[in-house]
Amino acid sequence: MTASHSLALSMTKSTSPLILTLTLSLQPPLKHPRKRETFQEIQAYPNAEVISLSPKSLMATNRFFCEICNKGFQREQNLQLHKRGHNLPWKLKQKTNKNQVKKKVYICPEKSCVHHDPARALGDLTGIKKHFSRKHGEKKWKCDKCSKKYAVISDWKAHNKICGSREFRCDCGTLFSRKDSFISHRSFCDVLAEESSKFFSVPSPLAANSTIATVTDTNNPILIQSQLDQSSTGTADLNVNNNHTTLFGQKFTNSNPTQQQPNALALSSPPSPRSTSDSVHNLWKLQEEECAHQWLLNEYMNNNKNIFHKGIFKNQEDEIKKGNIYSGSNPTDGNIASLFSYNQEAVNMASFSATTLLQKVAQTGTPSSSETSTTMFGQMTSSIFNNTMLNSYCLTAKNNEEELTRDFLGVGSSEDQQRLHRHRFPSSVPLTANHDIPKLAATIVGRKQP
């Protein structure tokens, strides 16, 4: 006898209800079979008769027919009752304890189905019919509201009763009739939306480009539109309004020197190796697009000289003569530099490629025609030439219409170009109208011309 049993016997001698309660609690709990095991025990019929019906006979509406009128019945009992009307001998099956009827189970006629195994057979003829229709049959019944199809008419009727009464709509537009399905889908949809927002929130380094759009003046608004192929050349914005100039996503403000902000390059933080490599890659992409934009603007200004108002760049011209725009503390210098690079070190890393391009210019010689100038302009992507030409287009203008359009290098014969050259190349030779392009390129790269 175990210790637990002896404890129980000693406690039963007392009549105290508390001790009796303790005695009952010490009894070992009864083990109840799990639902899965109970289901398997019910479905398992070791002595049952296994019946295999063909798909045709299984899906037949009537399996029993009258010999006289050929009327069909689904059950044999109904046929026997029908025979009484024809005065035929009929007999109903009666249950007796003497002759025990074997249980009948039905297997699925589809060999690949799990219920084709006799151990997984279904014990109801109606159940095997519905199973075969749902899993292997044709769905003939369609809901008029949600267009769902069903193979069993009872399922279709049950669906019609609740269809449209309860709807759970997700933000993505999906409808659910069950709340659990909606909750599981919503959790997945929220995670997907969060990841998508993180992806699209990353700013693109080339996002500052848009269509060459507007040149506005206070008195004479002029709209210039140029249709560009956005997939190949990108877009750019040029907005001039009084003392504010916006070019290719960068804003320049011409104000007094006392109101100027610190240089953008001076405020930039030291770059990391990864950001420096990205800056070099984005530098050349921006320069290639900039060349295309400036060439288009040049061509458009040559063809439409008369549409520009002569006083549209007056403020910029006055500032050039005063020497404010190209002063060392002007934020325009930093803004123009930041247009082509994120910091000064990125420009220095790209100097090797610029030197190679300048050597090509020195070898090819001076362009002799406008076509050659256009070709040479497309080849030169150095930030030196791009910045020079950018300033000549956007920050200078003359009363003479012929001087509105600068050459592609921006090295005109005006005194403003001399100031521009001294600002950009303080240690180089002075720039004059008689300078040759190969000599200029050779001077920059340190090559001596014969």
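Cβ coordinates are placed from backbone N, Cα and C, and glycine is handled just like the others.
As annotated by Swiss-Prot, phosphoserine applies to Ser54, with the evidence given as similarity to another entry. Residues annotated as zinc finger in Swiss-Prot: 64-86, 106-136, 141-165, 168-191. According to Swiss-Prot, the feature motif 'Nuclear localization signal' maps to 128-135. Residues annotated as Zn(2+) 1 binding site in Swiss-Prot: Cys143, Cys146, His159, Cys163. Look at Swiss-Prot and you will find Cys170, Cys172, His185, Cys189 tagged as Zn(2+) 2 binding site. According to Swiss-Prot, the feature region 'SHR-binding' maps to 178-190, an assignment based on similarity to another entry. If you look up Swiss-Prot, you'll see 248-263 marked as compositional bias 'Polar residues'. Annotation source Swiss-Prot lists region 'Disordered' at 248-280.
Location within the structure of each feature annotated in Swiss-Prot.
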residue : record                : DSSP class
Ser54   : phosphoserine         : coil
Cys143  : Zn(2+) 1 binding site : coil
His159  : Zn(2+) 1 binding site : helix
Cys170  : Zn(2+) 2 binding site : coil
His185  : Zn(2+) 2 binding site : helix
Cα proximity to Cys170 (Zn(2+) 2 binding site), best match among recorded positions Ser54, Cys146, His159: Cys146
Cβ neighbours of Cys163 (Zn(2+) 1 binding site) where a neighbour is any other Cβ within 10 Å: 16
Most Cβ neighbours inside 10 Å, all chains, among the binding-site residues Cys170, Cys172: Cys170
Residues of the parent chain within Cβ reach of the zinc finger (141-165), under 8 Å, 6 or more residues beyond its termini: 130, 133-134, 175, 177
Same-chain residues at least 6 beyond the ends of the zinc finger (64-86) whose Cβ lies under 8 Å from its Cβ atoms: 92-93
Output field, Zn(2+) 1 shell: CB within 8 Å of site CB centroid, site Cys143, Cys146, His159, Cys163 dropped: Asp144, Lys145, Ser147, Lys148, Asn160, Ile162, Gly164, Ser177
Nearest-integer angstrom distance between the alpha carbons (Cα) of Cys189 (Zn(2+) 2 binding site) and Cys146 (Zn(2+) 1 binding site): 22
Sorted by sequence, non-Cys170, Cys172, His185, Cys189 residues with Cβ within 8 Å of centre, Zn(2+) 2: Asp171, Gly173, Thr174, Phe182, Arg186, Phe188
Same chain, 6+ residues apart, C-beta under 8 Å of the C-beta of Cys143 (Zn(2+) 1 binding site), given in sequence order: Lys149, Tyr150, Trp156, His159, Asn160, Cys163
Distance [Cα-Cα, Å, rounded] between Cys146 (Zn(2+) 1 binding site) and Cys172 (Zn(2+) 2 binding site): 17
Distance, the residue listed as 'phosphoserine' to Cys172 (Zn(2+) 2 binding site) (CA atoms, angstrom): 45
Pairwise Cα distance for the residue listed as 'phosphoserine'/His185 (Zn(2+) 2 binding site) [Å, integer]: 40
Across the zinc finger (168-191), average pLDDT on the 0 to 100 scale: 83
